[in-house]
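Notes for the one structure printed next.
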Amino acid sequence: MGKKKSKNQLNTGGVPNGVHNTKKEAALPPLGNKLGSASFTAINTLTKPALFSFYDDDITKNEGNVYDKALLSNASQLEMVPPSATARHERSLYAKIINTIAAFFILFIAGILFPMISECLFDNDQLAKGDIVSFLKHGIEIKNKIVAEPDMVPDWAVFGTEGVIFGSIVPFIDSFVRYQHQPKTRSSVYKNTLGSFIRCANTLLGLIFGIRKLEWSSSLQAAGAWSLLNIVLWLFFDGTLTVFFPGLVIGALSAFTCSQCFSQLSLALYFIDFYFFGFLMFSKLGRYLFN
């Protein structure tokens, strides 16, 4: 500690008699427009001790430099903020082509597996085994009409093409509504991951198992419960309107193409529920692969 100055060297204001109104505090170095003089004054008042003027100049000069350097260091750290996570380097054309081919191939394989899963959906009342896959078989009927030799094109190729179409609809819509340019929050990035797609697929398998094994009073009760659950699952897994409205349209088309759905409301709800959630699953896979 420095030696204290004698009382006869201080006036009533705590300033030495010989340098009253002549000694000025050294001005803090400017830090740009982000920090104004008011901020420096406030920080200076809070950090420097109240009895600052009682010490010798050699002590106060060194302490002032320490405080000023600390302020400069904090300001430099504020200016060195890393760029936003949304700023990505543009991929080369070759990388984009490889990514697109891989995405189409994976969606094609998923389209082949999807009818196999749908054949496992049935209950013990009105929904028989294989009824729900009738909507996907319309693609085979279209193939038989437009292809000169239908036997040359296998049925699994039709199902794979349908998988590519279902998985590409939402990424195609996103390119128009500029979904990829919206702020990438942690929740949105979390929802478009491979792990999220796997959880969605496991949920579909759990729903199919629940419809088959649980004791329902009627098919309408099971289909209605699935309809209410679909809203919660959509909010949990995705929550975007670009999936909700196209999913409803595809579900309604699947129910409209089934002749039995006109007389049985439970079958219509089954078709809407299954293909809405299936479209949600393909949309998540497509977003993950293309983005």
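Placement of Cβ uses the backbone N, Cα and C atoms for every residue, glycine included.
Feature annotations, courtesy of Swiss-Prot:
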- S39: phosphoserine (MOD_RES)
- S76: phosphoserine (MOD_RES)
- 1-23: region 'Disordered' (REGION)
- 1-96: topological domain 'Cytoplasmic' (TOPO_DOM)
- 118-156: topological domain 'Perinuclear space' (TOPO_DOM)
- 178-230: topological domain 'Cytoplasmic' (TOPO_DOM)
- 252-261: topological domain 'Perinuclear space' (TOPO_DOM)
- 283-291: topological domain 'Cytoplasmic' (TOPO_DOM)
- 97-117: transmembrane segment (TRANSMEM)
- 157-177: transmembrane segment (TRANSMEM)
- 231-251: transmembrane segment (TRANSMEM)
- 262-282: transmembrane segment (TRANSMEM)
Residue numbers, six or more beyond the limits of the topological domain 'Cytoplasmic' (283-291), whose CB comes under 8 Å of its CB atoms: 99-100, 102-103, 106-107, 110, 166-171, 174, 180, 191-194, 196-197, 200, 237-238, 243, 246-247
Positions on the same chain near the topological domain 'Perinuclear space' (118-156), where near means CB under 8 A and six or more residues out: 112, 162, 208, 211-212, 216, 218-219, 222, 253-254, 257-258, 260, 264, 266-267, 270-271, 274-275, 278
